[in-house]
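*Asks:* Just lifted these from TrEMBL, have a look:
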- 7-30: transmembrane segment (TRANSMEM)
- 42-57: transmembrane segment (TRANSMEM)
- 69-87: transmembrane segment (TRANSMEM)
- 99-122: transmembrane segment (TRANSMEM)
- 134-151: transmembrane segment (TRANSMEM)
- 157-173: transmembrane segment (TRANSMEM)
- 178-195: transmembrane segment (TRANSMEM)
- 265-286: transmembrane segment (TRANSMEM)
- 298-315: transmembrane segment (TRANSMEM)
- 327-349: transmembrane segment (TRANSMEM)
Amino acid sequence: MDRWILYAVILLFIIGETVIISSNLLPYVFENYRDLSIYKKPIYQLLTFLLGMFLISKKFDYLLLKKKSVVYSFVSASTLMLMIVLVKKYITHRHVDRWLIGTSLQPLEFTKVALVIFIAYYLVEKGSIKEWRYILWASFLVLINAFLISLQPDKGGAVFLLLLCGTLLYVGGIPKKVYIPILMLFVLFTLYILTSKSGYVAERFSAWKDPFADPEESGYQIIQSLFAFAHGGLWGVGIGKGLQKMGALPAADTDYVISLIGEEFGFIGILLVFCLYSILVGRLLYFTYKINEPFGKLLLFGIAMNFAIAFLWNVGMAVNLLPPKGIALPLLSYGPSNLLFSLIAIWLAKSVISRGSFLPRL
């Protein structure tokens, strides 16, 4: 295991766990220390991390994934889980349902990993793709999964998936005359997702353009997020001393975890997180370049893009550079399924790095 990747993963988790403890435990522990529910999130997150690190410690040959039966089993399982979530949603008459079991197992996280594996396999298996119809099957499976996610509804998750898979297809060596029709298909599907239930989307976009136009409703979260950064200043107010986690900022330990880091750790804390993510993504991209085996190369690139896109999206949303849409920050945000599959992705990356063949040194 590359030590820089390992150090970055561990430090990011420690920062995230500290924030989760700060937002869920510290405000209540002295008054309600007998209430076991306040310990639930930190403990779940820690146990998930230990499980993920146990997997990372185990040897695994990533080339076992380069089998048609294995790849299509992953894609089938992903589609099936997303369909089960929708059936459960309609049976229980819920407006929103994104979880398979309770609120801890989110199929979207499995889908990201499954489709990265599938696209890497498909591009290597097909070899040189000269016509767009040869990539249509892979694009169809991506669109089906994105469509099922959008029905939960999780429009941000669906767009994230299209962006991740579109990026991976682009670097897969597909000629422009093949890639451009697929790109247009993805763009049209993204527009369809965003324009369905357009009132909801329009509200999000209007809040993004001017959050202070409706500070009590649509612009509330953005304003509170910006206040957290302003309150933290350079050095932060200190661990456990942030105000926004006390109910002012919803989802302080999930979608807006970077805002809470900014408030309690200040700009220095944000800079540290940025450096750690840069190390993580940078080392993954470095090994992507060095690896000589095509399947491992694409697998590493997909894993790197999963972390990079999530980081840029989440931070961009928190500082109002991007429209507000909940995308978890891997290794930092609370969410056992997101954390587990992030660590599984690191496990796969470790396998590629340790077992892959490298380009010779110049």
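Note that Cβ sites are derived from N, Cα and C of the backbone, with glycine treated the same way.
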*Asks:* For the transmembrane segment (69-87), I need the partner stretch with the highest count of C-beta pairs below 8 angstroms, choosing only from 42-57, 99-122, 178-195, 265-286, 298-315.
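*Replies:* Most contacts with the transmembrane segment (69-87): 99-122.
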*Asks:* Need a quick answer: max count of Cβ pairs under 8 Å to the transmembrane segment (99-122), which of 42-57, 157-173, 178-195, 265-286, 327-349 is it?
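*Replies:* Out of the listed stretches, 327-349 contacts the transmembrane segment (99-122) most.
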*Asks:* Any residues 6+ beyond the ends of the transmembrane segment (298-315) with a Cβ under 8 Å from its own?
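*Replies:* Contacts with the transmembrane segment (298-315): 62, 65, 112, 116-117, 119-120, 123-124, 160, 163-164, 167-168, 171-172, 255, 257-258, 277, 280-281, 284-285, 287-288, 291, 322, 325, 327-330, 333, 342, 345-346, 348-349, 352-353.
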